[in-house]
Amino acid sequence: MCGIWALFGSDECLSVQCLSAMKIAHRGPDAFRFENVNGFTNCCFGFHRLAVVDQLYGMQPIRVKKFPYLWLCYNGEIYNFKQLQKQFGFDYQTLVDGEVILHLYNRGGIEQTASMLDGVFAFILLDTANRKVFLARDTYGVRPLFKVLTDDGFLGVCSEAKGLINLKHSTSLCSKVEPFLPGHYEVLDLKPSGKVASVELVKFHSCKDEPLHVTCDTVEALPSAGFDLETVKSNIRILFENAVRKRLMAHRRIGCLLSGGLDSSLVAAVLLKLMKEININYPLQTFAIGMENSPDLLAARKVAAHIGSEHHEVILNTEEGIQAIEEVIFSLETYDITTIRASIGMYLVSKYIRKKTDSVVIFSGEGSDELTQGYIYFHKAPSPEEAAEESERLLKELYLFDVLRADRTTAAHGLELRVPFLDHRFTSYYLSLPAELRIPKNGIEKYLLRLSFEDSNLLPKEILWRPKEAFSDGIASVKKSWFSILQDYIDQQVDDLLLEKAAEKYPFNPPKTKESYYYRQIFEKHYSGRSSWLPHYWMPRWVKATDPSARTLKHYKSATQE
């Protein structure tokens with residue numbers, strides 16, 4: 001996890017512009033480099049480094065003797081860089097996994113490069129010999145990327161929007177900063193003046209498609225095909241274990257977030273099992289956050305005892321959570337209600353990890369709810385086909401919601417997140433299964449995933465079959481949800497009259513509640529006029545919901561009242 005930043009065709013002094021690069025310093029606390037491009041005095045790269053692999057030669061932009069005309073700034077991890085080296089005979093100069101991007105590009109161009117990378121990434125690749133700039137981002141946008149491109153060809157690129165919004169330019173002070181779409185690459189021509197012109201934006205991978213890099217995966221072919229239940233369960237276990245195994249690539253200590261829900265518990269259990277297999281000689285640290293005796297803390301404690309991790313509990317108090325709201329919204333760059341609620345706990349547990357431990361590479365369970373139909377409202381899906389469509393929609397929008405939350409809350413404290421549920425191979429296989437197999441069954445969401453691990457003894461049965469609990473709710477008590485606590489506080493901060501006139505003040509995505517108004521005010525204070533970064537609020541489907549919390553849904557109430 002790093003922070004990348006680049007400018008092409010700047011009219012302003014670069015020493016002034018580079019102050020914007022310092023806005024993302026939290027993403028790379030180990031080192032910083034600012035480098036001009038030879039022959040283009042108005043083009044430069046900025047890089048904040050979190051050293052996870054090759055601590056000696058990992059600084060960026062990466063340049064190697066073999067390709068002196070290529071400059072690469074990337075944020076991410078390429079898990080199959082050794083397999084690609086073996087398959088194509090690449091001669092690496094460093095131990096940095098990202099170096100493979102240069103070799104792939106030289107061998108087959110940008111399309112093959114983006115398609116063959118098994119991992120999470122956002123990169124800027126400059127080819128001065130052919131006068132091209134390339135931008136690319138992984139399938140689910142696990143690693144963030146923003147860009148601004150003016151009419152006269154000034155390009156700014158950054159891991160977070162906050163590194164671009166204050167850039168100075170002769171034609172415009174406030175050009176449109178926007179997220180770069182996941183699963184896409186863009187080709188831009190570089191003019192002699194240093195300015196650029198966009199040539200094409202190409203989608204190189206969809207979540208349903210089996211990735212091209214499957215030919216150089218650690219599990220090449222599944223032992224059996226077909227959709228009979230035993231085969232499917234076996235394949236799910238094989239691919240999920242493979243997803244965790246490939247993410248063990250690190251020279252820094254590995255830890256795991258553990259809420260006690262199914263997803264993080266599965267990740268932690270498989271992770272610890274594999275760490276033992278490859279003889280990692282330190283205990284796995286697991287981390288839970290919640291109020292005293294909250295459902296998450298109690299469940300996480302049970303999982304940690306079962307798997308034998310070194311478990312840490314962070315006790316959340318109401319005042320601390322409320323005080324963190326503004327810095328959380330500044331980190332997130334969003335005003336989405338459920339994203340902010342869930343981010344407060346994750347932000348504070350990440351803060352604890354950074355201050356109190358030496359774990360840096362943090363595993364987490366993001367992506368499972370979207371992939372395996374884990375949200376409570378999936379029980380209300382009109383048909384398996386519509387549930388499958390909704391699952392794909394949620395995966396495509398992850399970069400706006402859960403993946404955004406997970407990246408920003410951990411990156412704010414210089415941690416690197418790893419999310420095995422969003423492994424390209426695992427997700428494409430799961431989405432290829434018949435829609436009927438993937439829906440909730442017997443009143444239980446994620447039924448197929450739970451069933452696949454039932455005989456593995458990885459988790460206690462009561463955890464494996466624990467009903468879905470939203471992270472923002474599970475950290476509080478059963479009697480009073482975290483969202484209720486937030487609403488009680490905010491109710492005193494926002495006047496009724498302000499809410500009545502909310503649609504006039506904020507015509508795009510107008511706030512409907514005092515809570516959403518409060519978040520919007522803070523967002524506009526830091527990112528005025530940028531409300532289009534959030535196309536719509538996250539909200540359950542097929543139910544008449546006015547609040548995104550699962551605890552407001554009838555299914556949840558009936559489950560907890562039994």
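Yeah, the Cβs are placed from backbone N, Cα and C, and that goes for glycine too.
What TrEMBL records for 2-191 is domain 'Glutamine amidotransferase type-2'.
Long-range Cβ proximity for Cys2 (active site, for GATase activity), meaning a same-chain Cβ under 8 A and a gap of 6 or more residues, is found for Arg27, Gly28, Phe47, His48, Arg49, Leu50, Gln60, Tyr74, Asn75, Ser159. Among the features that TrEMBL reports, active site, for GATase activity is placed at Cys2.
There are 25 other Cβ atoms within 10 Å of the Cβ belonging to Asp97 (L-glutamine binding site). According to TrEMBL, the L-glutamine binding site annotation covers Asp97.
The ATP binding site annotation in TrEMBL covers Leu257, Ile289, Ser364, Gly365. Cβ neighbour count for Leu257 (ATP binding site): 28 (other Cβ atoms within 10 Å of its Cβ, all protein chains included).
Around Glu366 (site 'Important for beta-aspartyl-AMP intermediate formation'), the C-beta neighbours below 8 angstroms that are at least 6 residues distant in the chain are Asp263, Leu398, Asp402, Val403, Ala406, Leu417, Val419, Phe421, Leu422. What TrEMBL records for Glu366 is site 'Important for beta-aspartyl-AMP intermediate formation'.
Binding of ATP is attributed in the record to Leu257, Ile289, Ser364, Gly365, and the widest Cα separation among these residues amounts to 15 Å.
Per-residue pLDDT, averaged along the domain 'Glutamine amidotransferase type-2' (2-191), amounts to 91 for this model. A straight line from the CA of Gly365 (ATP binding site) to the CA of Asp97 (L-glutamine binding site) spans 24 Å.
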